[in-house]
Amino acid sequence: MGQKINPNGFRLGISTDHKSRWYADKLYKSYVGEDVAIRKLLSKGMERAGIAKVEIERTRDRVRVDIHTARPGIVIGRRGAEADRIRGELEKLTGKQVQLNILEVKNPEVDAQLVAQGVAEQLSGRVQFRRAMRKAMQTSMRSGAKGIRIQCSGRLNGAEMSRTEFYREGRVPLHTLRADIDYGFYEARTTFGRIGVKVWIYKGEVAGTRAERQAQAAARAGVPGRGGRPQRGGERPSRGSRGDRPTRADRGGDAPTSEATGAATEQAAPAPAENQEG
C-alpha cells in the first residue's frame with residue numbers, strides 16, 4: 001500500500017498536515033472549487049518563482065493564503081507590485097478579503113516539489129534524463145537528505161514507446177508511517193509529449209504524532225531553568241552561618257585543649273618495666 005498511495009495523504013496527522021484548513025457545511029463544493037482555482041491562478045505564470053506549496057485557511061470573512069517559494073523576490077516584485085496584483089486577483093476570485101503571506105523555503109534542495117520542478121525544466125531543455133536525475137540526487141544527498149528516489153515516465157529521449165525509469169539513493173521507507181517523506185510531482189513539456197517526474201525524499205523519522213510534538217515543544221518552552229529543572233531562589237548560606245546549629249560548648253563543656261589532651265595521653269601510657277636481677 002505504501003508504494004502506490006500518495007505519501008502526503010498517507011501520513012496526514014503524523015508528519016504532514018492538510019494544505020487547506022477550513023470547515024463548510026453547504027458551501028463545501030464551492031470552497032473546493034475556489035481552492036483549485038486559487039492554486040491554478042498562482043501556478044500560471046509563476047514557473048520561475050519556484051513555488052513549493054500553497055496553503056489556504058478560511059474564516060468567516062477572510063481568506064489567508066501562504067505561498068512557500070524558493071524565490072520570494074519574484075513573487076513580491078518591485079516594491080511589492082506583483083504581490084498587490086496577486087492579492088487583487090485573489091480578492092476578485094473569492095469575493096473576500098485576502099491575507100497574502102509569502103514565505104521563503106530555506107533549503108530548496110531537499111524539497112521534493114522543487115526538485116521535481118528542476119528535473120522537469122532540464123528535460124524541457126533537452127537534457128539527458130539520466131544526467132538530470134543523477135545530478136538532482138547528488139545535490140539532495142549533499143544537502144542533508146537521507147534518501148531520495150526520482151522516477152520519470154513518458155517518451156524518454158524521444159523513444160517510440162513510453163517507459164518508466166527510476167533511480168534511488170539511500171533509504172526511502174514508504175511503508176513506515178513515522179518516516180518523514182516529502183513527495184512532489186511535476187510534468188515536463190517536450191516536443192515528444194509530456195514526461196511525468198515524481199520525487200520522494202526521506203528526511204528522517206519523527207517521534208509521535210504532529211499534535212504530540214507540538215505539545216512537547218510547548219511544554220519544553222514553558223519550563224523555567226536550564227535542562228528542564230527549576231531554578232533555586234536565594235543564596236546558599238555559608239558554612240559559618242547555618243542557622244541555629246548547636247556548638248560543642250552548647251552541648252556541654254568546652255572543647256578540650258591541646259595541653260589537656262597531651263596530659264591525658266601521658267597518664268594513660270603504661271610505665272616501662274624495670275629490669276629485675278636474677
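Cβ coordinates are placed from backbone N, Cα and C, and glycine is handled just like the others.
According to Swiss-Prot:
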type	residues	note
COMPBIAS	214-223	compositional bias 'Low complexity'
COMPBIAS	232-253	compositional bias 'Basic and acidic residues'
COMPBIAS	259-278	compositional bias 'Low complexity'
DOMAIN	38-106	domain 'KH type-2'
REGION	213-278	region 'Disordered'
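Computed over the domain 'KH type-2' (38-106), the whole-number mean pLDDT of the model equals 92.
The residues of the domain 'KH type-2' (38-106), classed with DSSP into helix (H, G, I), strand (E, B) and coil, number 31 helix, 24 strand, 14 coil.
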